[in-house]
Amino acid sequence: GNHTLLTEFILSGLSSHPELQHLLFFTICFVYSMTLIGNLLICVVTAHPTLHTPMYFFLRVLSLLDISTASVVVPKMLVNLLSEDRSISYLGCVTQLYCVVFLGASEWYLLAAMAYDRYVAVCHPLRYAAIMNSRACLSSVLLSCCSGKVVSVVQTAWVFTLPLCGPRRINYFFCDIPPLVMLSCTDTSLYERQLISATVLVIFTPFCLILLSYACIISSILKMSSAESRLRTFSTCSSHLTVVTLYCASGTLIYLQPKSSNSQDAKKFFALIYTAVIPTLNPLIYSLRNKEVKEVLIRVM
């Protein structure tokens, strides 16, 4: 028995009501299918020669991150909804946490790079090609991934160095920082302060940079003489801000109070939005509303 406790965790799942398991399974399975189909379509469409611009390059990377985020969490959750065995190995839990944090942090830095791309396109259109060249775009993506890797290594190592005790039952549907911190049998105040600092670094710093970029963009939009140009540009920017707001709201509500047991059900809901719903919405918000993307999609189909 002691050996089992040392080598695995038990995931309680998304809901404790057995009568909801099948409904949740089919609903989440549908959402996951839409995530895969929508984001794979974006990857295919944005690879078309007519869409070889920085904006579509970033969208393609964003789609790959969304597919990866959903695939790290959702398949295991679907299996657990239909199975009585909800165990996950210790190594599997470490790997899942590492991937979730890595992908989430990388996506935040990528969203900041996308906001900067829109800022250059709107505020410095004549210098856009020179500033956002292929080298700058690739460097932005690599920097986002490297930053995400550093954050993920630090957070994962710190969580699993905490002494964990109790039945090792995780009141969550995947291995994440808040439910794992709740299993610790020691004072976690130092770690919680560190996690708040990491949340500010990973979420609020890019968020402030994004807001600054869009403040400059809105200022430029208001100076445009054509009402049609203002509307088109604002529509593109508002799509980006919609995604950023959803990410910021759900991310901060999950990680700012890591050991709050009273809000576990709420955290499950926001985590589901973060890992399953937003990756489904991204293709709709970012790309499938775009006229150029729709034209290429029709030709590809």
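Every residue gets a Cβ built from N, Cα and C, even glycine.
In TrEMBL, annotation is done automatically, which means it is predicted and not curated.
Sequence-distant contacts of the transmembrane segment (23-45) (same chain, at least 6 residues past either end, Cβ-Cβ under 8 Å): 14-15, 51, 59-60, 63-64, 66-67, 70, 74-75, 77-78, 81-82, 276-277, 279-280, 282-284, 286-288, 293, 296-297, 300. The transmembrane segment annotation in TrEMBL covers 23-45 (among others).
According to TrEMBL, the feature domain 'G-protein coupled receptors family 1 profile' maps to 38-286.
Here TrEMBL flags 57-75 (among others) as transmembrane segment. Long-range Cβ contacts of the transmembrane segment (57-75) within its own chain (Cβ-Cβ under 8 Å, at least 6 residues beyond either end) map to 28, 31-32, 35-36, 39-40, 42-43, 46-47, 96, 99-100, 103-104, 106-107, 110-111, 113-114, 117, 137, 140-141, 173-174, 275-276, 278-280, 282-283, 286-287.
For 95-116 (among others), the entry in TrEMBL reads transmembrane segment.
Marked as transmembrane segment by TrEMBL: 137-160 (among others). Long-range Cβ contacts of the transmembrane segment (137-160) within its own chain (Cβ-Cβ under 8 Å, at least 6 residues beyond either end) map to 54, 57-58, 61, 94, 97-99, 101-110, 113, 116-117, 177, 180-181, 191, 194-195, 198, 201-202.
Distant neighbours of the transmembrane segment (196-222): 104-105, 108-109, 111-112, 115-116, 118-119, 122-123, 151, 154-155, 230, 233-234, 237, 240-241, 244, 247-248, 251-252, 255-256; these residues of the same chain sit at least 6 beyond its ends, with a Cβ under 8 Å from one of its Cβ atoms. Taken from TrEMBL, the feature transmembrane segment covers 196-222 (among others).
Outside the transmembrane segment (234-257), and at least 6 residues removed from its termini, the chain residues within Cβ reach (under 8 Å) are 104, 107-108, 111, 114-115, 118, 122, 176-178, 195-196, 198-199, 203-204, 207, 210, 214, 217-218, 221, 263, 266-267, 270-271, 273-274, 278, 281-282, 285-286, 289-290. Annotated transmembrane segment per TrEMBL: 234-257 (among others), in sequence order.
When Cβ-Cβ distances below 8 Å are used as the criterion, the transmembrane segment (269-288) is approached by residues 14, 28, 31-32, 34-35, 38-39, 41-42, 45-46, 59, 62-63, 66-67, 69-70, 72-74, 100, 104, 172-174, 176, 239-240, 242-243, 246-247, 249-251, 253-254, 294, 297 of the same chain, each at least six residues removed from its ends. Annotation source TrEMBL lists transmembrane segment at 269-288 (among others).
For the domain 'G-protein coupled receptors family 1 profile' (38-286), the model's average pLDDT works out to 85.
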